[in-house]
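Shown next, in structure tokens, is the structure this report addresses.
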């Protein structure tokens, strides 16, 4: 279908309540103006989005720092309680993630995100005063409930500012900054943990206290800095806004011309959208890739400071040494995803990344016990430096899912899938398998091998489907194509011309 025909169809179907304010079908602009608008969004919006996810991951990874400071021993329970709490966290986080995309759409991501940041900041603060395993289960449950919705709400939010071929790169920044937050968290923890004993508080309690205060203060800033849309950037701490009237119209129109479905951006999710997602095998392919492919991250990430400590480093050095791991992961993921955006390919990039992950875990599994601590640490760097496939997989899912309600639901589900694996992944590293976790690493190798096959299968499934549709569509006359457009009941990514 030609671009102009697609716009006319979108306007005829989605004009009225679904029309996005600021869209101007007649406006003309060149690539330089488009790029100028994009740069303003990059410099005015993305820093705050990246800061929000920085805060999120700082508060998500501080638990691993606290565990390395003997949190479990001080509270009188074993690492099995930590694993069980991780399982509970995964279940609740998954439910919250599914609801997060829907609630974010309902109340507006610019409102919902600050609310969630404040809520999990309050719960993070609550970790300071836990006394036993019951308290630990309680705070980990509430932190999952409050953190779970923010990522899918952010995905919906960014979809209202960026085009398809811009999104994956920004998502790599998003998850890359999470890696930097983990690095910062390790460095910060190495200093804060040394406050142990001050005012009668353990080092890990100081860690949660300081993180909680930082998060709550940040949520107040987000209330006044996140705009409703690219057409509404005035007010609050943005004062007169980022864009003039023409740039505001370009900011909205460029999105619609990239994806006419965004004319229905304000449309709420329907039950039919949920059903459409749950019955789409292509969406399920991405969900399974997420669930299986990210499994290694839970046990490895939770115990990384402890693993490094087992090589012979003290607790403060061990936490500080996690920083290079996360920085390397940020660099490799950003470069890989940016290249994927430039060449317009996802599947083979994912296969390369998973192969790298496999090699890293294999080193941790098969290096002999006599290996020096420096080489062992190098093996963790190789694992951590493997590019995360998550941003590419989400971008791949987003650009192949329509209409917008279906895309919204799938965004929540893919973030849920990126956490539900914690139900079993949190049990892979067991206390009786420490410190090398040979059994656990062998299990992770199996998951990564399956992930390779899943990426390969999804890639060739899309190739087969595209060839089949192209053959049918190109075989139709102009009249037959017109009749199809007028009479088809196919919707979104089920259409022949999608």
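From the backbone N, Cα and C atoms, a Cβ is placed for every residue, glycine too.
Given the structure is predicted, the values throughout are model-derived calculations rather than measurements.
Note on TrEMBL: of 374-397, 470-493, the range annotated with the feature transmembrane segment is 374-397. It is 315-336, from the ranges 249-270, 315-336, that TrEMBL records as transmembrane segment.
Here the transmembrane segment (206-226) does not touch the transmembrane segment (409-429). Their Cβ atoms form fewer than 3 pairs under 8 Å, with each pair 6 or more residues apart. The transmembrane segment (315-336) shares more Cβ pairs under 8 Å with 374-397 than with any other stretch in the list 112-130, 142-161, 283-303, 374-397, 409-429.
When each of 112-130, 142-161, 283-303, 374-397 is scored by its Cβ pairs under 8 Å to the transmembrane segment (87-105), the top-ranked stretch turns out to be 142-161. Only residues 6 or more beyond the boundaries of the transmembrane segment (374-397), in the same chain, are considered here, and those with a CB under 8 A from a CB of the stretch are 155, 164, 167-168, 171-172, 174-175, 179, 283, 286, 289-290, 293-294, 300, 304, 307-308, 311, 321, 324-326, 328-329, 331-333, 335-337, 340-341, 346-347, 349-350, 352-354, 356-357, 359-361, 363-364, 367, 410-411, 414, 418, 455, 458. For the transmembrane segment (142-161), same-chain residues at least 6 beyond its ends with a Cβ under 8 Å from one of its own Cβ atoms are 41, 45, 49, 52-53, 56, 59-60, 88-101, 103-105, 109-110, 112-113, 116-117, 119-120, 122-124, 126-127, 167, 170-171, 174, 226, 229-230, 251, 255, 262, 265, 394, 398, 407-408, 411-412, 414-416, 419.
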